[in-house]
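S.K.: Before anything else, here's the structure in question.
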Amino acid sequence: MRLAFCGNDNASAYNITAGVLRNVCFVDALNLVPHVFLLFITFPILFIGWGSQSSKVQIHHNTWLHFPGHNLRWILTFTLLFVHVCEIAEGIVSDTQMKSRHLHLFLPAIIGFVAATVSIVYYHNIETSNFPKLLLALFLYWIMAFVTKTIKFVRYCQDGVSFSQLRFCITGIMVILYGLLMAVEINVIRVRRYVFFMNPQKVKPPEDLQDLGVRFLQPFVNLLSKATYWWMNTLIISAHKKPVDLKAIGKLPIAMRALTNYVCLKEAYEEQKKKVADQPNRSPSIWLAMYSAFGRPILLSSTFRYLADLLGFAGPLCISGIVQGFQNTTNGTNTTEKDPSNSYLSSEEFFRNVYVLAVLLFLALILQRTFLQASYYVTTETGINLRGALLAMIYDKILRLSTSNLSMGEMTLGQINNLVAIETNQLMWFLFLCPNLWAMPVQIIMGIILLHHLLGVSALVGAAVIVLLAPIQYFIATKLAEAQKSTLDYSTERLKKTNEILKGIKLLKLYAWEHIFCKNVEETRMKELTSLKTFALHTSLSIFMNAAIPIAAVLATFVTYAYSNDEPLQPAQAFASLSLFHILVTPLFLLSTVVRFAVKAIVSVQKLNEFLLSDEIGDDSWRGGDNSVAYESCKKHTGLHTKAINRRQPLRYQLENYEQSSRRQTRPVETDDIAIKVTNGYFSWGSGLATLSNINIRIPTGQMTMIVGQVGCGKSSLLLAILGEMQTLEGKVHWSNVNESEPSLEASRSKNRYSVAYAAQKPWLLNATVEENIIFGSPFNKQRYKAVTDACSLQPDIDLLPFGDQTEIGERGINLSGGQRQRICVARALYQNTNVVFLDDPFSALDIHLSDHLMQEGILKFLQEDKRTLVLVTHKLQYLPHADWIIAMKDGMVLREGTLKDIQNNDVELYEHWKTLMNRQDQELEKDMEADQTTLERKTLRRAMYPRESKAQLEDEDEEEEEEEDEDDNMSTVLRLRTKMPWKTCWRYLTSGGFFLLFLMIFSKLLKHSVIVAIDYWLATWTSTDNRKEFGNADVQNTGKTYHVAVFGILSGAGIVLCLITSLTVEWMGLTAAKNLHHNLLNKIILGPIRFFDMTPLGLILNRFSADTNIIDQHIPPTLESLTRSTLLCLSAIGMISYATPWFLVALMPLGIAFYFIQKYFRVASKDLQELDDSTLLPLLCHFSETAEGLTTIRAFRHESRFKQRMLELTDTNNIAYLFLSAANIWLEVRMDYLGACIVLTAAITSITEGPDSGLVGLGLLYALTITNYLNWVVRNLADLEVQMGAVKKVHSFLNMESENYDGYLDASQVPKDWPQEGEIKIENLCVRYENNLKPVLKHVKAYIKPGQKVGICGRTGSGKSSLSLAFFRMVDIFDGRIVIDGIDISKLPLHTLRSRLSIILQDPILFSGSIRFNLDPECKCTDDTLWEALEIAQLKNMVKSLPGGLDAMVTEGGENFSVGQRQLFCLARAFVRKSSILIMDEATASIDMATENILQKVVMTAFADRTVVTIAHRVHTILTADLVIVMKRGNILEYDTPENLLSQEDGIFASFVRADM
């Protein structure tokens, strides 16, 4: 057949007698002209690509959209492309009905399609290169196209072509589109004036794009890139080469920053406040505030959602049409060929064509998914914006909370942390799910209407099943939430116990108590597992309901239909309705979740409102403008100097300009001699009762004022009252102001007070480096910094830290002791350049030398030289002579005020009282020895640090070696490791649940999916056979029907049962695995060598028990379930389609390859982004809790705005990580959805051309549609599982650790019951090291200790004294020599026996939470009398008697409710309860005061008279009364004799020690 443009079956085709424009063919040819014109002009320009060089504005993104009407142009072009596709299709379909080829029917349309595509590509390139003059080509094209199409349209009208003809409609729509595009083009000329005007308009790119740090381009890219996330490709592909870090994701765009959104929400909330101001009982509505701030994007998202949902119904309708059309063609009801003169197709005929329907289905799917993802994105972005705004609001409120609120417990830190971590997230999630609330009902109603249209009344039966079972879903969901809560309570308790074990592990091992405590944890774990079981049960029920409801609904519907209708079921009806049921189930399943979230959100909003309306600190005289300044100034800035914000300079410096008014940087010269004056002050902590009454005091400028008095007389409260933290009932606090000559109160009210350097009694540290803690936001001055650290004698402590003063301290950093923390806080107060310094009992945690040093160097020298006003609260009366002014307090009143001389003259009694106290303190001074608390603290620090450091070095070396190997093996191995799934870990996890369960799970899963496929397959054969038997007699048909319905019912029932079984086995397996892993981990850790605990930070071990265990318990099972389910669904779908049409497999190959690469790239990027999200969240939460704890300090220093700024930065960092994570998920979903749409298209086309019968065609299409839903779940679950398997991996890394060797050569039964009876110790040639790769710490030590001897061991730090004490318990590696106790070599004994027969008192007193009885005797072996006797010996009997409950009185965690001395005495009692004949005291008197030490000494001499006592001494005078003294140095014994003999050797080491002590 020859090709001819106008076809060669019609002689009149080239006839133009009736006029040129009357010829259809000529008009079509005319339509080619504009398209060809455009292609000829634009191709050279595009190929030369010269536009990029002429770029006028240099920006780093080629994403800037300059031209007006940009989005409209994209939408119009896409519509134009769609209409072109319709035109091509219409032409081809018309052409198939002609006798010969008529190219003019579709060739112009094809060229038009190409031209439209070129036009948008061309436009995009011009736009990014900013060269508008080239748009003229497009302008001419639109005019020409408009004209030619109009000619064609007019011609049709003249011919009287009616509206029902498709070609007429298409041409009409085209005319409108070309007209609109022409209008858009004219508008660009009007606005940008690039031609026909004298002065073209200059443009600047948006602020965000000038800032090279902004990498989140979603708001700035063009529509196509917005819809497909094309701009994300670079990030996701680069993740493959190097991990994504914070630098790669950049900053948030300005519109999404917390500050921007905070200002919006705050204004909306203030509006609401104004509305309810006159109604006292109504509170302002956060809901309305949120709506007015973020309502518009939510409406936009809902619109997208409605569009997507309506397009979703195209699937079932197209399936129905395709199957129907397929059936008609196979049954031979085909249309006849048309007459060429009437070559117009009607719309109805066009839409009956199966191929047209297949393409329509494809386009509808693509559009539906694009809208759906757009809706998701908009809600995600809005949710993130809302969260940022809420966090800023909460933080702003925290900074203004009244202190009494926090201390009186109305608002606990826990509540604030919950607000930040939980409530804001609840609201964010509610926003994410929000559009579902109003989209779902519409979806459900539409679905039911369509079902009714397809199946009549019987559809309502199925719908009723679904609707009735939905409430059960809701009930299960609420139960789930309850179970989760109880699980959380138990796991918190378990963590508390585990934490105690780890903190006191040394003691537990030395006393051989680890099993008792282990059992304790296991009991709690059992309770936790029980509630996990209910949790798992409800989870599996929920999964089961989700899978079983559609099966049940379909069963009910089809059975009803079979018996109520005479007509047999058509495949078209059956598969369309099946597909509708699938659509219906999702909203119903989600509805329960959404309703639950809505309820949670309502509760969260209530909590938030309570918090936002709680008491604020009083706006006192000097609390003027500071609070508002911080945010407002930022706001002004964004408007005024856009450049200023964007450059690298942090906001803080810009704030300073605004704060000059409120905070004096330069210290003015004082004129007044009184800095602060309180007149007639009554202050309360918010209870209405005055804590401080009748306060009249003056604090002289530039001098040192001391406040003294007994504990609890209101000294600290007085400082806080002056700082304005207390409620003022009456009276005034007046801060002297410099610029006024007359100190009138009113004038001073308007001024702000200075910032005050304040060191609180309870030291408060930031999670930051030591240096940052001391500098605290002031500029760094090296000399000043050095002077301060020296004055506080911090240098030795800093030298011990691994990174010096750049070491992180605080909650997440290294744990410092109380004294060290306090010294850092004092250093902070000294360093600040403020006029007034308040120190609240800075000496409380310091020993005498440090106190003296601090007093001399820091206070008398550093502060007095600067002439700073100092207020010092203290108990150390010996410093009173230094004070310039003294305020003595008693019971919340001022007892006396004046100089020491005044008091000496006026109040002799008080002065004498002080004098006696001072004498007593002096005596203590003399007793206090050189080696004191500080050395001790440093020693603990060194112990904590150095092993850790050496381990770190070892690890670094390993890493370096690995890195070197990697470099040889180039980058490929690294990439391979980053993209490889941790299959080995997965296998370990699966097998830890037991092989039987694993087998059961796999088997039941496979069976369930086979049954589900069987159900659908049966439906296909049933409907197909029914239609073939249409002409058979009624009886045959009835028996056939019964048979079909019976099999269908049986299969469905089996499917429902299997759904339940599989969901249960997965959860059951997960539980067993979790149980085994935790059990093994706990036992492994408990039996680990002590060295392991010295070297591994406690937080690291705790993390395995908290975060990682939680992931294994609750997150892996559902992920695993979801992953197996979606994978099997996809596989069964592909199998089913391939069975129906084998050709599909060929088309599947390229799609499979695409899928593989997308998931590979996504998994890597997702993992990194997930880690970034987690790691940026922690500092944010810490910052909140830190601020709440240090409120008074921050407010005293006046650093609110600096902290606010930090919070905004942390919030934005976390939000950008979360935003990118969400964007990456949507990136994946879009790609998976498009892949799914391609699968649907190939499945439809292959089955239409190749399909065996209509039932199988319907089945294939139904399955192809389900794939689109499940493909992205496969990848996302894979990525989640990969991250979660990290937890299993970490737990496993601990499981491979060496345990201590607990079995001895002797059986426990072979050891005499009362061994060691005598307490005779022989140490023979003992060599000890901590690990076999380390140097020995004891070298060939020999000693003999007679039964009942009191032995003292002394030596400098690191001489091996403590190692010797540990050797008795085999806590260290004895690699040579031996210790023989009462004739038995201890290395032959089982460890448990050995340790349970000796006693030790450690240097740090450790108590556990529980009763006093439990602390003394956890094994419950002794009678009460024994315990009371032990307490009496330790001088604790009276104190314990006075406690409620006596022996059953509770000890809080760590024994915090007793003083350090009392705790040490408890430890003594504990050692006494264990009646062993050998007691070892390891520097037991180091951390206690003299009085307690004397008690200890006495007890040891009397109660332990008949036992062997080995004392490791730290103050030598404690062992002067011993029978034998051993002096050690570097692991060797230097002197070994009685103390008297050793003292007589003048040049002996012991003698020199004693002299130094005196």
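Including glycine, each Cβ sits where the backbone N, Cα and C put it.
Pulled the feature table from TrEMBL, pasting it below:
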COMPBIAS  955-970  compositional bias 'Acidic residues'
DOMAIN    307-600  domain 'ABC transmembrane type-1'
DOMAIN    676-916  domain 'ABC transporter'
DOMAIN    1045-1282  domain 'ABC transmembrane type-1'
DOMAIN    1321-1555  domain 'ABC transporter'
REGION    947-970  region 'Disordered'
TRANSMEM  32-51  transmembrane segment
TRANSMEM  72-93  transmembrane segment
TRANSMEM  105-123  transmembrane segment
TRANSMEM  135-153  transmembrane segment
TRANSMEM  165-184  transmembrane segment
TRANSMEM  350-367  transmembrane segment
TRANSMEM  427-451  transmembrane segment
TRANSMEM  457-476  transmembrane segment
TRANSMEM  535-563  transmembrane segment
TRANSMEM  575-599  transmembrane segment
TRANSMEM  986-1003  transmembrane segment
TRANSMEM  1043-1066  transmembrane segment
S.K.: Do the transmembrane segment (32-51) and the transmembrane segment (350-367) come together with 3 or more C-beta pairs under 8 Å, pairs six or more apart in sequence?
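M.R.: Result for the transmembrane segment (32-51) with the transmembrane segment (350-367) is no.
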S.K.: Between 307-600, 1045-1282, 1321-1555, who has the most Cβ pairs under 8 Å to the domain 'ABC transporter' (676-916)?
M.R.: 1045-1282
S.K.: Do any residues, 6 or more residues outside the transmembrane segment (165-184), come within under 8 Å Cβ-to-Cβ of it, and if so which ones?
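M.R.: Residues 69, 72-73, 76-77, 79-80, 83, 86-87, 90, 94, 139, 142-143, 145-146, 149-150, 152-153, 156, 344-347, 350 contact the transmembrane segment (165-184) from elsewhere in the chain.
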S.K.: Considering only Cβ pairs under 8 Å, which range in 72-93, 105-123, 427-451, 575-599, 986-1003 makes the most contacts with the transmembrane segment (135-153)?
M.R.: 105-123
S.K.: Give the nonlocal contacts of the transmembrane segment (427-451) in its own chain as ranges (CB under 8 Å, at least six residues past its ends).
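M.R.: Tertiary neighbours of the transmembrane segment (427-451) are 290, 294, 298, 301-302, 305-306, 309-310, 312-313, 316-317, 375-376, 379-380, 382-384, 386-387, 390, 459-460, 462-463, 467, 557, 577, 580-581, 583-584, 587-588, 590-591, 593-594, 597-598, 600-601, 604-605, 608.
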S.K.: With the transmembrane segment (1043-1066) as the reference, which stretch in 72-93, 350-367, 457-476, 535-563 has the largest tally of C-beta pairs below 8 Å?
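M.R.: When the Cβ pairs under 8 Å are tallied, 535-563 comes out ahead.
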S.K.: So what's near the transmembrane segment (105-123) in sequence-distant terms, Cβ-Cβ under 8 Å and 6+ beyond its ends?
M.R.: 5, 28-29, 31-32, 34-36, 38-39, 42-43, 45-46, 73-74, 77, 80-81, 84-85, 87-88, 91-92, 94-95, 134-135, 137-138, 141, 145, 343
S.K.: For the transmembrane segment (350-367) against the transmembrane segment (457-476), do we get 3 or more Cβ-Cβ pairs below 8 Å once near-sequence pairs (under 6 apart) are dropped?
M.R.: no
S.K.: Cβ under 8 Å, sequence separation of at least 6 from the ends of the transmembrane segment (72-93): give me the contacting residues as numbers and ranges.
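M.R.: Apart from its flanks, the transmembrane segment (72-93) reaches 105-107, 109-110, 112-113, 116-117, 119-120, 123, 166-167, 170, 173-174, 177-178, 180-181, 184, 222-224, 345, 349-350, 353, 356, 359, 363.
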S.K.: Would you report the average pLDDT that the model assigns to the domain 'ABC transporter' (676-916)?
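M.R.: Summing pLDDT over the domain 'ABC transporter' (676-916) and dividing by its length gives 83.
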